[in-house]
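Asks: Feature list, courtesy of TrEMBL:
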BINDING   GLY9, SER10, GLY44, ARG48, THR138, TYR144, ASP147  ATP binding site
BINDING   GLY43, ASP65, VAL112, SER113, PRO114, GLY115, TYR116, THR117, THR118  UMP binding site
DOMAIN    1-201  domain 'Aspartate/glutamate/uridylate kinase'
Amino acid sequence: MRVVVSIGGSVLIEEMNPDRIKSYASVLREAAVSNEIFVVVGGGETARRYINVGRALGANEAICDRIGIDITRLNAYLLILALGDAAYPEVVRNYQDAPLAGGSGIVVMGGVSPGYTTDAVSAILAEYIGADLLINATSVDGVYSSDPKLDPASRRYERITAKELVEIVIGTRLDAGSTSVIDPVGAKVIERSGIRTIVLDGRNPLNILKAIKGEKIGTEIVSESV
């Protein structure tokens, strides 16, 4: 099975803890034994801090996007170091090179171009390579009707359509460094491609293996035809 895993930067690079990165690497190596694994790493709080400094120094949003992309690639390289020989040795910088690099191990990417979050990058990558499954490992345990951190009445969905996902996230801001379970661009790509997607709690790396093995976890996003 060909799987794209999007890992939030704040989930992977938690307090710059190398043991955290090693635990993710261990899970990804196990997943890669019987699957083709492609990983997209986000920027997390580190990227947001750099972006905020950039704005304070007069940078526009395109430049702030560029700053964020550079941080995602640094995060991606840390994961490559932890993966060792199991990974393609360089951070892949575009969609075209990803399937070629996949022949040499786990592919790890960060951002690709300004205006697109790593949510969108992972969805586009999944569509480009014809992935069977897209996993979004984030800091919440699925897709909610509203932000659970702000709305105590918010409820988690076990299964929704891609169209419903778009309706939930459509109002999300697209400023550099913005946060959302999946951004609107990523949601629209998931909708048009029909790729099966699972949003899950990435704070436990083992949840990724559970999703790949078909265990019920997080929120499953399906196409309209299902």
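Every residue, even glycine, has its Cβ placed from backbone N, Cα and C.
Just so it is clear, the model here is predicted, and its values are computed rather than measured.
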Asks: Which whole-number value in Å describes the distance between the Cα atoms of VAL112 (UMP binding site) and TYR144 (ATP binding site)?
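Replies: Cα-Cα, rounded: 28 Å.
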Asks: Counting all other Cβ atoms within 10 Å across every protein chain shown, which of the binding-site residues GLY9, GLY43, GLY44, PRO114 scores highest?
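Replies: The residue with the densest Cβ neighbourhood is GLY43.
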Asks: Quick check: in three-state DSSP terms, what is THR138 (ATP binding site)?
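Replies: Where THR138 (ATP binding site) sits, the three-state DSSP reduction gives strand.
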Asks: Among GLY43, ASP65, VAL112, SER113, PRO114, GLY115, TYR116, THR117, THR118, which the record lists as binding UMP, how far apart in Å are the two most distant Cα atoms?
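Replies: Looking at GLY43, ASP65, VAL112, SER113, PRO114, GLY115, TYR116, THR117, THR118 as a set, their Cα atoms extend up to 14 Å apart.
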Asks: List which of the binding-site residues GLY9, SER10, THR138, TYR144, ASP147 have their Cα within 10 Å of the Cα of GLY43 (UMP binding site), in sequence order.
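Replies: Final answer, ordered: GLY9, SER10.
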Asks: Just give me the nearest neighbour of PRO114 (UMP binding site) among the binding-site residues GLY9, THR138, TYR144, Cα to Cα.
Replies: GLY9
Asks: If I restrict to non-local contacts, at least six residues apart, and a C-beta distance under 8 angstroms, what lies near TYR144 (ATP binding site) in its own chain?
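Replies: Result: SER154, ARG155, ARG156, TYR157, VAL181.
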Asks: Reported as an integer number of Å, what is the Cα distance between SER10 (ATP binding site) and TYR116 (UMP binding site)?
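Replies: Distance (Cα to Cα, whole Å): 18 Å.
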Asks: How far is it from GLY9 (ATP binding site) to THR118 (UMP binding site), counting Cα to Cα, in Å?
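Replies: Counting only the Cα atoms, the answer is 10 Å.
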Asks: Please compare the binding-site residues SER10, THR118, THR138 by how many other CB atoms fall within 10 Å of each one's CB, and tell me which has the fewest.
Replies: SER10
Asks: Quick one: Cα separation, ASP147 (ATP binding site) versus THR118 (UMP binding site), in Å?
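Replies: Taking the Cα atoms only, ASP147 (ATP binding site) lies 20 Å from THR118 (UMP binding site).
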